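See below for the structure under consideration.
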Amino acid sequence: MSLLTHLLACLFGMGSWVSINGLWVELPLIVPQIPEAWYLPSYLSVIIQMANIGPLFVTLMHRFRPGALNETAVIYVIIGLGTVATFLLGFFWKETVVVAGVARSVPLLVLTFFLAAVDCTSSVTFLPFMMRLKSQYLTTYYIGEGVSGLLPSLVALIQGAGVVHCINSTQAVNYTLNIPNGSVTSDLQAQYQPANFSTEVFFFFLSAMMLVCLGAFLLLNYHPSVAREQPNSRYTNGVKQKTKNRELVEQKPMMDPYRPENQKSRSSFGTGSYSWMEVFYIFGILVWVNALSNTVLPSVQSYSCMPYGNNAYHLSASLAALSNPVACFIAMFLPIRSLLFMGALTVIGTGVGVYIMIMAVLSPCPLLVNDTSGGVIIVLAWVLFILTLSYVKVIIGMILRDEGHSALVWCGAVVQLGSLLGAVTMFPLVSVYDYFSSGDPCNTKC
């Protein structure tokens with residue numbers, strides 16, 4: 001295998017969600033300077049789900065007009081749009097427009113919609129594009145997709161976004177209650193650390209990462225060493241093999257190494273390796289793990305971790321982001337495609353997720369809140385949760401990759417469906433009904 005191709009596949013995958021992930025981690029610095037304040041995350045959740053119109057369009061085109069949509073051209077457009085949108089955010093994220101007599105961050109919200117459309121559409125275009133290369137490179141792509149969450153988090157950590165210091169403050173009770181010889185109490189207050197560099201610089205960094213993704217995509221299309229990695233011998237035609245009519249023809253494996261010879265087709269899905277019951281089982285797990293890992297649990301991460309202190313919160317966020325590419329790396333060398341094992345891992349990850357959700361519900365007074373072991377357990381829970389479910393997602397991607405180009409398009413669509421269902425479920429609980437209570441990283445009083 002080509003080391004260059006591995007690197008390019010990783011950089012290409014990194015561009016899939018780097019802009020939206022970067023926007024989320026920058027919120028502590030954005031929120032204090034815009035009129036929406038902490039209502040912004042709720043608005044972003046709605047905007048990101050509205051942007052699913054992009055993958056919906058691509059999926060419908062693939063279903064009803066197969067071959068009519070030039071996949072490579074779509075990828076060029078969305079990467080270019082993501083690059084321009086992140087660059088413009090560096091200039092206009094603080095600008096406001098008066099709407100119905102109220103100042104609103106219209107440029108920020110509009111540009112965020114374009115970024116979300118880019119990232120959501122990447123789920124149904126980037127994955128199918130990886131059919132051009134051997135199956136081993138799909139795992140590398142997933143590593144890059146994991147890095148798209150890890151890298152912005154690390155840069156934001158260096159920037160100092162969201163880092164809280166607990167400082168002593170003194171309250172003179174006698175002044176407020178007019179009590180002679182009143183008592184003086186000492187308390188801790190949370191204070192955000194000043195940023196080491198500006199939000200504008202951070203957005204320009206995200207734009208540069210999108211440019212890197214564009215460069216990697218160009219090389220994946222035109223570099224000679226990458227062309228040698230295309231598995232032409234295994235397929236009836238390349239992903240972009242041109243017939244006399246120069247149309248895209250569905251790519252399906254001629255030989256599946258995981259399917260016994262002379263096995264009768266069990267369904268009309270892909271190569272027929274799986275029955276329809278197994279196909280629904282695979283896609284059902286895919287919906288479930290993406291709903292949990294992309295929207296349901298991330299929406300309550302601060303509630304589950306903040307009562308244990310600022311360090312526990314940042315460790316859980318950073319190590320969870322690191323767990324994603326680690327799981328992909330493990331899957332590269334230990335790809336266990338057993339459907340039973342996949343289900344067992346899903347159950348384990350779901351069980352850990354239930355513990356995290358219970359701690360979020362109990363916030364600001366979760367279990368072991370005043371004990372060091374409580375913080376250690378919640379950090380390990382987040383690491384194990386992301387590790388197990390990320391491994392499941394990669395294995396499902398590898399399974400569907402062997403079922404053909406169409407299977408990967410549906411894989412991306414189902415990923416977005418899971419995220420949508422999770423967001424629709426959690427948005428009213430978190431933002432409308434205020435079901436969860438925030439913990440104070442400096443003063444936990446239970």
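Placed from the backbone N, Cα and C atoms, the Cβ positions cover glycine too.
These numbers come from a predicted model, not from an experiment.
What TrEMBL says about this protein:
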{"type": "TRANSMEM", "residues": "38-61", "note": "transmembrane segment"}
{"type": "TRANSMEM", "residues": "73-93", "note": "transmembrane segment"}
{"type": "TRANSMEM", "residues": "105-129", "note": "transmembrane segment"}
{"type": "TRANSMEM", "residues": "141-161", "note": "transmembrane segment"}
{"type": "TRANSMEM", "residues": "201-220", "note": "transmembrane segment"}
{"type": "TRANSMEM", "residues": "274-292", "note": "transmembrane segment"}
{"type": "TRANSMEM", "residues": "312-334", "note": "transmembrane segment"}
{"type": "TRANSMEM", "residues": "339-362", "note": "transmembrane segment"}
{"type": "TRANSMEM", "residues": "374-396", "note": "transmembrane segment"}
{"type": "TRANSMEM", "residues": "408-430", "note": "transmembrane segment"}
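Outside the transmembrane segment (339-362), and at least 6 residues removed from its termini, the chain residues within Cβ reach (under 8 Å) are 278, 281-282, 285, 288-289, 292-293, 296-297, 300-301, 303-304, 378, 381-382, 384-385, 388-389, 391-392, 395-396, 435-436. Contacts between the transmembrane segment (141-161) and the transmembrane segment (274-292): absent, as fewer than 3 C-beta pairs lie under 8 angstroms at sequence separation of six or more.
Segment contact holds for the transmembrane segment (408-430) and the transmembrane segment (105-129), given three or more CB pairs below 8 angstroms at sequence separation of 6 or more. Panel annotation: around the transmembrane segment (374-396), residues 139, 142, 146, 282, 285-286, 289-290, 292-293, 297, 301, 304-305, 308-309, 311-312, 315-317, 319-321, 323-324, 326-328, 330-331, 335-337, 342, 345-346, 348-349, 352-353, 355-356, 359, 366-368, 411, 415 of the same chain, lying at least six beyond its termini, place a Cβ under 8 Å from a Cβ of the stretch. Packing against the transmembrane segment (274-292) from elsewhere in the chain are residues 266-267, 339, 342-343, 346, 349-350, 353, 385, 389, 392-393, 396, 399-400, 403, 410-411, 414-415, 417-419, 421-422, 425: each is 6 or more residues past its ends and has a CB under 8 Å from a CB in it. Between the transmembrane segment (201-220) and the stretches 38-61, 73-93, 105-129, the greatest number of Cβ pairs separated by less than 8 Å involves 73-93. Highlighted: of the candidate stretches 73-93, 105-129, 312-334, 105-129 has the greatest count of Cβ pairs under 8 Å to the transmembrane segment (38-61). Beyond the ends of the transmembrane segment (73-93), by six or more residues, the same chain brings 15, 19, 22, 30, 34, 54, 58, 105, 107-108, 111, 114-115, 117-119, 121-122, 125-126, 129, 199-201, 203-204, 206-207, 210-211, 213-214, 217 to within a C-beta distance below 8 angstroms of the stretch.
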